[in-house]
Amino acid sequence: MGHLKSLFTILFLIAMSSTVTFAGKIPAIIVFGDSSVDAGNNNYIPTVARSNFEPYGRDFVGGKPTGRFCNGKIATDFMSEALGLKPIIPAYLDPSYNISDFATGVTFASAATGYDNATSDVLSVLPLWKQLEYYKEYQTKLKAYQGKDRGTETIESSLYLISIGTNDFLENYFAFPGRSSQYSVSLYQDFLAGIAKEFVKKLHGLGARKISLGGLPPMGCMPLERATNIGTGGECVGRYNDIAVQFNSKLDKMVEKLSKELPGSNLVFSNPYEPFMRIIKNPSSFGFEVVGAACCATGMFEMGYGCQRNNPFTCTNADKYVFWDSFHPTQKTNHIMANALMNSTFPHFL
């Protein structure tokens, strides 16, 4: 029995760490969401929720800070590369790119946003409805660039990824009294799931067919939450993790039901919780040495402008860390998570 368990572990690690390829199956990846998938849109709007400065991007191509909340690539960049597309997915608002670049992939995501408009209002970032408006604009540009028929085909054949929701709880519901005075946690989850449902329906109405709706990670294990979990020795905040599991279950059921209602749709719920929790519970198996603190600065509270260049506490090798800043994973973690989610999700679309 022990040998079988060891064999399973080896096979699992190979699947998680190897580079997955699905080349030639998808013409483009279209992305909506928050900082987990923002490649720099916030650089071009008036908000403090930015990361277009060092040490962010220090392990990116050319050591360039792009606005990704990471030391390097984010998960969607690795997914694009695995599909045989470009090695990164550019931000829609970045003027250094144009429709020829966006034709194979684009992200409308905005760091610090959420399903709830009240969440995006906190730091004046792009709400989900505005991301959808930009997508409509993108469709017009794409059809002008590729021609109406080919543009329509690209829209219908592209893969749509949605990664959002953590900020609704950690930066809104539990941070300010507004929503928590209006809703219980369960009712707020239902409120957000309803917004997610309507967003997917609107995407489908605009021609999207292959849609992956992402769930929440174990958000109680982020370094920031561990650091504020006084009296536990820096353990994960169990309540936040429980909320993530509950919300993921509601999204999963919603997607299953909605997929039967929308004609020609291929909807999949992509759950990052378990693969991320496996990293957190057994970091050494993935080559990590530090899981409870981040690489940047003290590793407990800093993100964004708190992660300043030349901070003497910032680590020298981010690959040893699960988290880059107090809220976001390192490039290495993003790569592992991208492979895990591609293995579980992409076969449904190919």
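Cβ coordinates are placed from backbone N, Cα and C, and glycine is handled just like the others.
According to Swiss-Prot:
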SIGNAL    1-23  signal peptide
ACT_SITE  SER35  active site, nucleophile
CARBOHYD  ASN98  N-linked glycosylation site
CARBOHYD  ASN117  N-linked glycosylation site
ACT_SITE  ASP325  active site
ACT_SITE  HIS328  active site
CARBOHYD  ASN343  N-linked glycosylation site
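The structure, with features from Swiss-Prot marked on it.
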| residue | record | Cβ contacts under 8 Å, 6 or more apart |
| --- | --- | --- |
| SER35 | active site, nucleophile | ALA49, SER51, PHE69, ALA109, ALA111, ALA112, ASN167, PHE327, HIS328 |
| ASN98 | N-linked glycosylation site | none |
| ASN117 | N-linked glycosylation site | PRO127, LEU128, TRP129 |
| ASP325 | active site | PHE69, PRO223, ALA294, CYS295, CYS296, ALA297, GLU302, MET303, GLY304, GLY306, CYS307 |
